[in-house]
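What follows is a short report on a single structure.
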Amino acid sequence: MEPVLEVIGVFVGALSGALAGVRKQFDVFGILALGWAAGLGGGLLRDVLIGAVPPVGISDWRLVVTALVGGLAMYFFHPRLERARRSIVLLDAGALALFTVVGAIKGLEHGTTLIAAIFVGVLTGVGGGVLRDLLTGEVPVVLHHRQLYAIPALLGASAIAVLWKLDLATTGAAVTVVVGIFALRVVALRFQVEAPGPWPGLRRGRG
Amino acid sequence: MEPVLEVIGVFVGALSGALAGVRKQFDVFGILALGWAAGLGGGLLRDVLIGAVPPVGISDWRLVVTALVGGLAMYFFHPRLERARRSIVLLDAGALALFTVVGAIKGLEHGTTLIAAIFVGVLTGVGGGVLRDLLTGEVPVVLHHRQLYAIPALLGASAIAVLWKLDLATTGAAVTVVVGIFALRVVALRFQVEAPGPWPGLRRGRG
Amino acid sequence: MEPVLEVIGVFVGALSGALAGVRKQFDVFGILALGWAAGLGGGLLRDVLIGAVPPVGISDWRLVVTALVGGLAMYFFHPRLERARRSIVLLDAGALALFTVVGAIKGLEHGTTLIAAIFVGVLTGVGGGVLRDLLTGEVPVVLHHRQLYAIPALLGASAIAVLWKLDLATTGAAVTVVVGIFALRVVALRFQVEAPGPWPGLRRGRG
């Protein structure tokens with residue numbers, strides 16, 4: 001995986017985390033900490049679960065600096081960056097796709113089972129956002145927003161696991177899965193495809 | 001320990017997690033994720049703390065499928081299952097007892113100190129519920145509900161540690177402790193025995 | 001590092017955690033659990049991240065007993081201890097300084113990179129308070145209170161990392177850094193030096 005792509009993912013994640021901190025009126029430390037948690041928290045959970053400690057999220061200074069730069073950018077320029085919301089959502093879809101595939105492959109390379117690789121892939125993709133939400137006192141948005149966010153990641157991580165099992169996990173295949181997750185996420189956003197809530201509904205007269 | 005008992009524990013935990021997700025109107029991914037967290041999260045914390053990574057909660061497909069089946073059952077049938085609340089409370093007491101004992105023994109088998117085994121036992125028993133509560137934005141119920149829940153687990157895990165130290169931790173002894181935790185929990189429920197709140201009370205005129 | 005100093009840090013952390021539990025009207029288990037989390041949670045996160053498992057926070061009975069004694073002291077004597085608030089804030093500044101330096105050094109001794117040592121140092125210092133806040137349903141105070149709390153820890157951990165790199169991390173140097181973090185924290189408290197919030201402000205007419 002091109003390191004430059006991972007760096008973009010961390011940067012975008014850090015923007016989203018720092019923005020959450022800005023909105024909560026955190027102080028400068030809190031804003032940068034949120035940027036770090038959102039940009040590198042998913043990979044940190046992955047590394048702890050597969051035993052790759054210390055996690056790259058605290059030990060690789062290039063990634064840490066990337067998260068700090070993203071956090072500082074949002075700290076200083078949030079009025080302008082908030083207007084670029086649409087671009088951030090697109091970049092975030094790219095980061096989700098990338099993190100998921102990178103995470104699943106890292107798991108498999110560490111010798112995890114296929115099912116564990118699917119878990120760590122999804123966790124790498126959505127974990128940073130979950131940490132960001134927990135640290136700002138919010139219920140993790142990925143659990144309730146009904147957008148297709150975790151589901152494309154789940155499908156993509158499963159595809160990687162199957163390809164690996166079949167010995168077909170080439171770089172080309174990985175890139176294809178990244179594009180597939182990204183496309184699914186963007187199409188779902190564009191046409192407002194939603195994941196269903198509790199079946200058969202909790203509203204009066206239906207349940 | 002009979003694997004079938006552990007499967008029942010995971011299933012019951014998943015029901016409780018998925019129900020919390022249903023009540024919060026999470027989407028289908030969120031509901032299944034909560035089921036997974038509540039059913040397998042305690043064991044996951046245990047495995048991370050004793051270094052048994054990747055944790056069985058993400059790598060053993062039988063346990064993962066069990067949690068998913070529990071989550072799906074609640075997703076589709078929650079109106080009916082909520083009426084079976086009393087049975088779920090009883091099953092949950094069984095799961096608490098079982099997870100605590102299994103967890104403490106797994107710690108000891110990994111060479112932990114006795115005090116660490118007590119911790120991981122209790123954490124295996126109550127950790128899934130703590131994760132469930134944190135992920136739904138609730139203060140963990142085990143910390144404030146005043147029911148006897150963690151305390152039976154603490155007594156049971158301590159008993160296992162002492163038996164292990166004395167070289168008396170046979171299967172029969174483990175089963176006895178499971179039954180003891182379960183009985184203590186059920187008796188406390190039946191007679192509404194409560195753990196005390198802050199001493200000597202914070203009410204006006206007393207503190 | 002003198003073990004007696006670490007014990008004092010754990011004790012003070014446990015007081016702060018148990019007090020948070022008392023205020024939330026937790027039951028006795030919840031209050032002691034909060035004391036444990038606040039006193040030993042920072043070190044627990046550190047140990048998981050550097051792979052020193054099981055963490056001392058669950059396996060070293062002297063530290064666990066210290067946290068329990070702190071929790072019990074607050075459980076029974078909170079009306080009196082709350083009046084000693086000023087002393088607790090001072091002791092807490094000492095614990096922050098000590099935990100940060102001990103944590104960073106432990107990371108370095110485990111062969112982490114310098115940047116990872118800075119992270120685990122700060123996390124050891126502030127992590128217990130973060131866990132305490134999350135478990136009581138609060139947004140972690142260290143992220144938003146604008147006091148200088150994490151920043152002195154960050155400076156101190158960075159100093160330790162640089163000294164280590166230069167082969168100058170003697171006991172005397174470590175003690176000096178502990179005193180420096182403590183002094184910075186106390187001076188900031190005394191003169192109400194604050195970390196800035198989001199730049200350039202979110203108030204109407206400014207952003």
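Cβ atoms here come from the backbone N, Cα and C positions, even for glycine.
Pulled from TrEMBL:
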DOMAIN    C:4-78  domain 'Glycine transporter'
DOMAIN    C:90-164  domain 'Glycine transporter'
TRANSMEM  C:6-22  transmembrane segment
TRANSMEM  C:29-49  transmembrane segment
TRANSMEM  C:61-77  transmembrane segment
TRANSMEM  C:89-108  transmembrane segment
TRANSMEM  C:114-135  transmembrane segment
TRANSMEM  C:147-166  transmembrane segment
TRANSMEM  C:172-193  transmembrane segment
At a C-beta cut-off of under 8 Å, are there same-chain residues at least 6 beyond the transmembrane segment (C:89-108) that contact it? List them, or none.
1, 5-6, 8-10, 12-13, 15-16, 42-43, 46, 50, 52, 114, 116-126, 128, 149, 152-153, 156-157, 160-161, 164, 169, 174, 177-182, 185-186, 189
Give the one range among C:6-22, C:29-49, C:61-77, C:147-166, C:172-193 whose Cβ atoms make the most pairs under 8 Å with those of the transmembrane segment (C:114-135).
C:29-49
Positions whose Cβ lies under 8 angstroms from the transmembrane segment (C:147-166), at least six residues beyond its ends:
96-97, 100-101, 103-105, 108, 114-115, 117-119, 121-122, 125-126, 173-174, 177-178, 180-181, 184-185, 188-189, 193-195
Could you give me the DSSP helix, strand and coil counts for the domain 'Glycine transporter' (C:90-164)?
61 helix, 1 strand, 13 coil
How many of the residues that make up the domain 'Glycine transporter' (C:4-78) does DSSP mark as helix, as strand and as coil?
65 helix, 0 strand, 10 coil
